[in-house]
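Accompanying notes for the structure given below.
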Amino acid sequence: MYRPDHVFVILCAVFFTGQVTAVPAGTGITHPHSPQLGPFEPVGFASQTQTQLAPSRGPFTWLRDSVIERIWGIDKEKQSLSKPGPRPVPEKSWSRYGSDIVLRIEVHNAEEVEALAEAVNILFLDVWDSNENYVDIRLAKEVVPSLLGLLPQSLQKTHTLLIEDLSKMIYESQYPSRGFKHHKNDQTTRHTGFQSSDVGDLFFDNYQPFPVILQWMRLLVSMFPSHVQLINVGVTHEGRDIPAFRLGARPSGDQNEEPRKTVMIVGGSHAREWISTSTVAYIAFQLITEFGNSPPITKLLEDFDWILVPTINPDGYVYSWDMDRLWRKNRQQTGLPFCPGIDLDRSWGYEWDGQGTRANPCSESYAGNNAFDSMETRTIAEWAYNQTQNKQSDFVGFLDLHSYSQQILYPYSYSCSTVPPTLENLEELAFGIAKAIRMTNQETYVVKSACEGVVTTEKGTGQRVSTNVESTGGSALDWFYHQLHAKYSYQIKLRDKGMYGFLLPPENIVPTGREIFNSVLVLGHFLLGEGANGLEWSFLSGSGSAAGKEDDSSRTFDRLFFDNNEEQLEKSADDRDYFSVVEEDVYQDEGWGLW
């Protein structure tokens, strides 16, 4: 385990020599065209060019940031990732979204949902969010009359305007120095008490492009080789590897040869959901840097392996940076050359096309011609399947992070007619996660089945039937729960509730990361077999980290590099608060406590 002074010396040496390498560890994958779940072949990472940034900060911060920037390979044109700069806006963004808006249409019954779904399919509209109360849709202003003309009279006047000028919001969210302003009634950062800059880590000040994420992952592997590996879990259509952290450390003397109980956390299934990618990275950073300092986190990494995949859709994520900020699918070719891409969360093999997947490749929810038609889902499934067959992993938990709408969804997604056999456990943990989030930042997340849209009761049978604007079959959630028997499987839709949608401002990265990291700790507590009865919520409700006091649960790069006071570090490890509550009027819940 690196001591802070060791890390400082090593990274200073790195800075002056310009050399950092990390050899990917773990098992490789088969060629994506392989039709069978067979043995894997190793796959390596391509090298990245590294460039040094000019100093512009104080001496210690400059040294810290320069080391990181040199290792990550951030060129001068990309300094706006940490400090917004005057890069020109791609003209394609303006031409594509110049007249677009986002409408919220209220729905009241299954008939209205079905009518709206048909109109969306006819006009090839982009559904941003849908639930039992409303549907958020992106469309051009000139298409609004056509949409309303296809809807029943009951839906003619139930819409409200969420985003009036989408192209402007895209521009301001990517280039905040050019005048990005929060809505006056914005609630996305309320009750947090801090901004991303408080973390002191350059990486989480803003969203990061894929090459930077990859270099950052290599950096952490080189710093913490005792419990961190860099592995590949799949291959994309364009030939990129899908990188992941594998975290875990067996206690000394442990000779157990049983498969390691494993939790998998993924983000970025949909390319435009940048907050999901940043949140997976934040969770990984906390687990990695707290190992050996936080006894509960150390136990979690000793008892379980953790697979964290910032994005399972690197092709789409790169495209959302370079060409189209709101791109959703992967970049795989389809039967229509002008409509590429498959929706990765409709492409998994369990109950594929459960409720009539949109068959047109131009649909944002297009699931391909058959199950596992996408390169990414097929190769990830092969990797996960082989992990279980080779007795390397026993998947016990799965978190699939998305945005937006602040929901915690449990199986099944494809239908409400099938009740999951572990429903009681799923609901118990889901409500525990929701409570942890509420006590972290006072944000409310709704717990529900992933199948639920507008739920009605079928006459005669009494069965609950759900009607959705989007198809819900072929989800990663259902596949990991049913096929790999990951007992605690959830899809978590992150911030916000529609004010910004997929264009969530970057100052929400750290608050969102903290509340989901706390959720992971609750998940870990359940996996240790203690359920909800042992949770001590007092740690969340102001014990040592009330408003105005710095939360010590996040070890920043500043501390890793420059804090040489070992006694203070040991003391902070003993006295550490594992959850942050940063509002004076926190909930004073009784009963459970965490750890």
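Here, residue 1 is simply the first one shown, and the rest follow in order.
A Cβ is built for glycine as well, from the same backbone N, Cα and C atoms used for every other residue.
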Correct disulfide partner for Cys362 among Cys339, Cys416, by Swiss-Prot, is Cys339
Say Swiss-Prot lists His270, Glu273 as binding Zn(2+): which of His108, His402, His482 is in the same site, per that record? His402
Lowest local Cβ density (other Cβ within 10 Å) among binding-site residues: Arg346, His402: His402
Non-local Cβ contacts of Glu273 (Zn(2+) binding site) (under 8 Å, 6 or more apart, same chain)? Gly267, Leu401, His402, Ser403, Tyr404, Leu494, Phe502
Could you measure between Cys339 (disulfide bond) and Arg328 (substrate binding site) for me? Cα positions, answer in whole angstrom. 12
CA-CA, which of the binding-site residues His270, Arg272, Arg328, Arg346 lies nearest Cys362 (disulfide bond)? Arg328
Zn(2+) site, defined by His270, Glu273, His402: further same-chain residues with Cβ within 8 Å of the Cβ centre: Gly267, Gly268, Ser269, Ala271, Arg272, Ser276, Arg328, Asp345, Leu401, Ser403, Lys493, Phe502
If you run the three-state DSSP split on Tyr404 (substrate binding site), which class comes out? coil
